[in-house]
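What Swiss-Prot says about this protein:
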TOPO_DOM  1-61  topological domain 'Cytoplasmic'
TRANSMEM  62-82  transmembrane segment
TOPO_DOM  83-108  topological domain 'Extracellular'
TRANSMEM  132-152  transmembrane segment
TOPO_DOM  153-169  topological domain 'Extracellular'
TRANSMEM  170-190  transmembrane segment
TOPO_DOM  191-203  topological domain 'Cytoplasmic'
TRANSMEM  204-224  transmembrane segment
TOPO_DOM  254-272  topological domain 'Cytoplasmic'
TRANSMEM  273-293  transmembrane segment
TRANSMEM  296-316  transmembrane segment
TOPO_DOM  317-334  topological domain 'Cytoplasmic'
TRANSMEM  335-355  transmembrane segment
TOPO_DOM  356-372  topological domain 'Extracellular'
TRANSMEM  373-393  transmembrane segment
TOPO_DOM  394-398  topological domain 'Cytoplasmic'
TRANSMEM  399-419  transmembrane segment
TOPO_DOM  420-429  topological domain 'Extracellular'
TRANSMEM  430-450  transmembrane segment
TOPO_DOM  451-461  topological domain 'Cytoplasmic'
TRANSMEM  462-482  transmembrane segment
TOPO_DOM  483-502  topological domain 'Extracellular'
TRANSMEM  503-523  transmembrane segment
TOPO_DOM  524-540  topological domain 'Cytoplasmic'
Amino acid sequence: MFSIFKKKTSVQGTDSEIDEKITVKAKDKVVVSTEDEEVTTIVSSTKSTQVTNDSPWQDPTYFSSFGKELMFIATCMLAQLLNQAGQTHALCIMNVLSKSFNSEANNQAWLMASFPLAAGSFILISGRLGDIYGLKKMLIVGYVIVIVWSIISGLSKYSNSDAFFITSRAFQGVGIAFILPNIMGLVGHVYKVGSFRKNIVISFIGACAPTGGMFGGLFGGLIVTEDPNQWPWVFYAFGIATFLSLLMAWYSIPNNVPTNIHGLSMDWTGSALAIIGLILFNFVWNQAPIVGWDKPYIIVLLIISVIFLVAFFVYESKYAEVPLLPRAMTKNRHMIMILLAVFLGWGSFGIWTFYYVSFQLNLRHYSPVWTGGTYFVFVIFGSMAAFFVAFSIKRLGPALLLCFSLMAFDAGSIMFSVLPVEQSYWKLNFAMQAILCFGMDLSFPASSIILSDGLPMQYQGMAGSLVNTVINYSASLCLGMGGTVEHQINKSGNDLLKGYRAAVYLGVGLASLGVVISVTYMLENLWNRHRKSEDRSLEA
């Protein structure tokens, strides 16, 4: 296939310009501009040709109007909202669900953990599938899976089986796993690296995390207020909202986003090793608090999961031709530090989320709707945090914002660990939630921007997968760890507050370690920038 582009050069310091038509024989190649030449880039492939001109924001051929771009941004924000609402709409009615299925108290953790477990385990491959087969296609697949299994989750009431409900929620999580990473991949393709608009869009997407948490919990609580037996409509309503999002995505997402122009292939061996290892490892940590660590199958599964995960990393580093994890990431210590800090921060928040709702329902005896309504703080301060990120990330840099986010996660967990049961909501509780908003809304855009800008264009879906894998998987895994601590401290089950606080102390420890890592990364980043600045001044 032959492609034509214009090369723009200056002639001997004059303002005159020469337009040269240059024919380039290219197949799945990108013409990259040089230091001295301003080149209009053409991406050519056997399937489609994309032209990227000098627009400071994105390729203007993606959107026919500003209104359509706004709809695209709204679709991206809804994806994040659904991701968080998918967790809290069930969390705030967990006592209703437990009573409906006659579940034991210990099984409540599984009613909540199966969704983020599946989402976190499958997100890792969903971005790569989007990079290979089309980001929009995989996004649509994710929406369809969520719609189908949301309906089945509601119908599970008639099975009278909590195991069936837990399985349905897991498949619902698989669908969610295909939504957000591919949305983030589309943002990475549509908007230019480092552009202000890209930072704005990612910040707005991040703002929908606390907003989604509030709407999910509030509407879940509202539906069961009059009649708890109507809880299936919580999931039917979620399916309807997902269907409307599907229609928006179908219409607003451009069809001309390049697909696999670099000829990537799927690493099925690495994918299988990763998924099996992640699921088994997570299962062990969530099942052990229920049955006890002395059960032989728990120890056996733990050993098997570790073997699979070690095999995955060995295979990816030495044998995979096209590794699932880009080597540009696995060999970059700073990217690993970022992902580890995000893991620890969101892991502590996963513990906070479950035990905060348990605290309100079981100790303060709030109704499900009031428990969900307390998340309104997240909407207000989450929006403030999003605007702060959007307009400060260029000045402060994502490294500093990531550090602030870990401090917010840590402060929120510390405040929860000393929160009195009888104290008014408007004191420590209100302040705690306001601070936690900055943990969520600073960490997501900061880490997403660092990885999106740091990885090649062909890995944009994978960049979205990495951040969201860490966020979702850490929430489920660390909840299991928190459950282990809780049951060790409150073995009799008669001292809920003592057990809850013990789990939250673990969250404090995780977030504190995240602060240490993020501060280390920030200082190294500042030192490298200072050193480069000195090198430039010496060269000048």
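A Cβ is built for glycine as well, from the same backbone N, Cα and C atoms used for every other residue.
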Criterion met for the transmembrane segment (204-224) and the transmembrane segment (399-419) (at least three Cβ pairs under 8 Å):
no
Do you know the DSSP helix, strand and coil residue counts for the topological domain 'Extracellular' (356-372)?
13 helix, 0 strand, 4 coil
Have the transmembrane segment (430-450) and the transmembrane segment (373-393) got at least three CB pairs under 8 Å, pairs 6 or more apart in sequence?
yes
Intrachain residues whose Cβ lies under 8 Å of the topological domain 'Cytoplasmic' (191-203), provided they are six or more past its termini:
55-58, 73, 76, 184, 386-387, 389-390, 393-394, 441, 444-445, 448-449, 452-453
PLDDT averaged over the residues of the topological domain 'Extracellular' (483-502):
89
Decide whether the stretches the transmembrane segment (170-190) and the transmembrane segment (373-393) have at least 3 CB pairs under 8 angstroms, with pairs required to be 6 or more apart in sequence.
no
Grab the same-chain neighbours of the topological domain 'Extracellular' (83-108) for me: Cβ-Cβ under 8 Å, and only residues 6 or more beyond its ends, written as numbers and ranges.
115-116, 119, 146, 157, 160-162, 165, 169, 172-173, 176, 179-180, 208-221, 223-224, 228-229, 231, 234-235, 238, 241, 289-290, 353-354, 357, 361-362, 368-369, 371-372, 375, 468, 472, 475, 487, 493
What residues in the same chain, six or more past the boundaries of the topological domain 'Extracellular' (153-169), come closer than 8 Å to it by Cβ-Cβ distance?
90, 97-98, 100-103, 107, 110-111, 114-115, 118, 231-236, 239
Quick one: DSSP breakdown of the topological domain 'Extracellular' (483-502) into helix, strand and coil?
14 helix, 0 strand, 6 coil
Same-chain residues near the topological domain 'Extracellular' (483-502), Cβ under 8 Å, at least 6 residues beyond its ends:
105-106, 109, 285-286, 288-290, 293, 355, 358-359, 362-363, 417, 421
When you scan the chain for residues with a C-beta under 8 Å from the topological domain 'Cytoplasmic' (317-334), skipping those not six or more beyond its ends, what do you find?
124-125, 128, 264-267, 269-271, 274, 451, 454-456, 459, 462, 466, 521, 524-525
Contacting positions for the topological domain 'Cytoplasmic' (394-398) when only residues 6+ beyond its ends and CB under 8 Å are counted:
196, 199, 445-447, 449-450, 525
